[in-house]
Amino acid sequence: MRVLAAMSGGVDSAVAAALAVDAGHDVTGVHLALSQNRQTLRSGSRGCCSVEDSHDARRVADELGIPFYVWDLADRFTEDVVDDFVAEYAAGRTPNPCLRCNEKIKFSAVLDRAMALGFDAVVTGHHARLEDGELRRSVDAAKDQSYVLGVLTPEQLAAAMFPLGSMTKDRVREIAAERGFAVAAKPDSHDICFIPDGDTRGFLARRLGSLPGPVVDAGTGQQVGEHDGTYGFTVGQRKGLGVSVGDQRPRYVLGIEPVTRTVTVGTADLAGVPAVRTGVPTWTGAVPELPFAAQVQVRAHAAPVDCRVHAGDGGGLLVEFAEEQRGVAPGQSAVLYEADPVRGDRVLGQAAVAMAVERSGAVGQ
Amino acid sequence: MTYLDHAATTPVLPEVLAAMTEQLGRVGNASSLHASGRAARRAAEQSRERFAEALGARPSEVLFTGGGTESDNLAVKGLFWARRESDPRRRRIVVSPAEHHAVLDSVEWLARHDGAEITWLPVEPSGRVLPHALAEALGDGSDVALVSVMWANNEIGTISDVPALADVAHEVGVPLHTDAVQAVGQVPVDFETSGADALTMTGHKLGGPMGAGALLLRRDAECTPLLHGGGQERDVRSGTLDVAAIVGLAVATVAAVGSRADRAARLAGLRDRLVDGIVAQIPDAQLNGAPLGDRVNGGPGRLPGNAHLSFPGAEGDALLMLLDARGIECSTGSACSAGVARPSHVLLATGAEADRARSSLRFSLGHTSTDADVDAVLDVIAPVVERARMAGMGRR
């Protein structure tokens with residue numbers, strides 16, 4: 001097959017490209033230039049967006065003897081991922097930009113272009129298993145990235161290859177070292193690639209400016225603090241609330257109301273929610289018949305929990321947790337899994353959390 | 001493999017390889033006083049004389065450098081600093097926006113860090129700078145440090161009338177630098193009659209080694225050094241002479257200049273067939289730069305080996321990738337270090353739309369090019385363009 005390897009400059013995509021070459025495919029490497037103002041050298045924990053990272057990717061491609069190009073997708077990335085990220089925070093939601101990037105850039109803009117140019121598949125270094133069109137968690141639970149791939153459709157998965165899902169990250173590094181790749185010991189990238197200093201709140205403040213509002217305690221209805229912008233908060237957040245409440249009990253963010261810019265906080269006993277309503281779901285395979293039992297993961301590193309999935313309003317879902325969950329933030333994806341301890345939990349699909357269902361059954365933000 | 005990227009670099013001539021290999025086997029620093037040093041010095045100076053003669057310069061006007069980028073930096077910064085030192089009013093640099101980045105970035109660096117003012121010359125749709133436009137930009141010239149206009153453009157191959165431009169500059173007492181990296185060996189270049197005060201050339205575009213070039217600098221031109229040290233090269237460019245590279249550069253230049261007329265006629269014939277064949281298959285392909293038969297100052301108005309075309313609706317880097325996969329090597333223009341395709345600043349300077357600038361390809365022919373190379377392109381260009389158009393412009 002003619003395979004396009006998306007190469008970030010990190011060790012995972014380097015090994016994925018190498019494995020595609022080993023498998024006998026005709027591989028071409030592509031580095032995606034996503035940032036509009038690329039730095040010459042890497043800084044901090046980012047591992048994909050500097051010119052140095054593209055050189056790391058090119059160095060591996062040259063060792064593999066495969067063609068290598070840089071595709072400039074900075075405009076699309078800015079529009080579909082960065083601007084969306086800012087707009088979601090401005091609307092009081094908590095987006096996942098990696099999931100959005102997979103949905104709009106890697107498995108949309110890049111995949112479409114690859115197909116048009118005559119490629120049969122796109123291979124990436126994501127840690128997830130993909131066999132017979134079924135997307136499953138990586139064998140390396142700590143590195144599993146199936147959550148951010150949960151948004152892919154059967155058509156997108158049909159043209160994707162994830163060769164790393166059946167091995168641990170340690171094994172990936174071993175393979176890179178055996179091949180003499182200079183990136184074998186390159187640190188993992190984490191945080192958000194387009195926020196070079198890791199200061200998300202500062203980034204949003206620069207984009208959105210100061211938008212002060214009250215912090216209100218749910219128990220008393222009293223204002224207990226002020227904030228510079230609701231974008232500094234995520235539902236479930238405990239640290240950095242800047243509130244003083246007499247009873248000294250920890251407070252959690254319960255809700256964000258963007259119009260009045262009100263951040264509601266409350267004690268732990270108020271923070272749990274029994275269910276969430278979602279937007280319209282996407283499915284990785286056949287559309288399941290509702291209702292059904294599954295597991296759900298409500299953010300990138302949350303533990304999966306048992307749930308029951310019902311039809312919701314307007315084509316959305318109502319996901320009912322077996323136990324109350326904290327920190328279920330609107331804007332995050334609820335990724336649904338079918339538990340499978342042998343072959344790896346299978347991703348069924350996902351839907352964006354719209355709002356939590358309160359205990360009384362009334363619907364609140 | 002079909003190599004049609006000679007403007008990026010061209011194969012080393014066999015006689016260059018032989019001469020350099022022989023010289024590399026010898027010991028000797030050309031600055032040493034003993035016999036080995038004298039032998040090295042003799043080889044270097046003999047090369048300087050032959051090289052100077054091939055380019056219509058005096059040996060004392062030849063400053064060997066590490067290549068085109070260094071020569072451009074030395075000319076632009078060195079002339080600016082020296083001219084301003086002798087008269088602080090001279091802060092203006094008059095330059096074309098279609099120059100190579102070695103000139104553009106030097107000029108912009110001087111503007112950002114050293115008080116230079118830039119006057120951008122208007123560029124014809126063909127990419128040419130006209131003498132009357134230069135005259136207008138210079139005014140009385142009293143505040144101008146230097147003019148820099150390239151002899152032949154590296155992307156679209158357009159040739160400007162450097163002798164006429166030099167006359168205009170000299171009328172108001174301003175020196176002119178010209179980047180002739182693409183011109184030497186392709187069109188007649190004679191330093192003396194060109195009137196230029198400084199001229200950049202490099203070895204690897206005409207069959208010599210990489211990392212070896214020269215700045216031809218008139219004896220009366222004041223130029224502040226970039227590299228200080230042992231005082232080699234007229235005290236303007238210090239550094240131990242790379243004798244083997246200088247030998248190779250001279251052999252290549254003498255050979256390329258000597259065989260220029262025949263080669264130019266042959267390459268122009270191949271190039272015309274390539275362009276005509278492409279346009280016959282893809283009628284909306286647009287030739288960028290001067291028309292094929294264009295003339296300037298009694299010579300060709302376009303480099304004989306240059307074919308630069310835009311393919312509306314296709315992206316240059318998609319075309320390049322598809323051709324590469326079929327064994328045809330060409331370019332979208334001048335590659336930037338990160339390999340990100342940007343719309344060509346040269347085409348933008350000629351007034352082209354960004355989409356046209358982004359949809360362009362440069363085929364550049366050289367001394368090893370054959371009819372078979374042209375046929376190889378004509379065999380695949382139609383399906384490649386069709387495929388690239390399906391992939392769209394990669395933008396909404």
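Even glycines carry a Cβ here, placed using N, Cα and C.
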According to TrEMBL, A:ALA6, A:MET7, A:SER8, A:GLY9, A:GLY10, A:VAL11, A:ASP12, A:SER13, A:GLY125 bind ATP; so which of A:LEU32, A:LEU34, A:LEU99, A:LEU149 is the extra one listed there? A:LEU32
Around the Cβ of A:ALA6 (ATP binding site), how many other Cβ atoms lie within 10 Å? Please give the count over every shown protein chain. 24
What is the interatomic distance between the Cα atoms of A:ASP12 (ATP binding site) and A:CYS193 (active site, cysteine persulfide intermediate), given in whole Å? 16
Taking the residues A:ALA6, A:MET7, A:SER8, A:GLY9, A:GLY10, A:VAL11, A:ASP12, A:SER13, A:LEU32, A:GLY125 listed for ATP, what is the greatest CA to CA distance in Å, to the nearest whole number? 15
Of A:GLY10, A:ASP12, A:CYS101, A:GLN332, the recorded positions whose C-beta sits under 8 angstroms from some chain B C-beta are none
Where A:GLY10 (ATP binding site) and A:GLN332 (site 'Interaction with tRNA') are concerned, what is their Cα separation in Å, rounded? 26
A:ALA6 (ATP binding site) and A:CYS193 (active site, cysteine persulfide intermediate), Cα-Cα, nearest whole angstrom: 16
Measure from the CA atom of A:LEU32 (ATP binding site) to the CA atom of A:HIS126 (site 'Interaction with tRNA') and give the result in Å, rounded to a whole number. 15
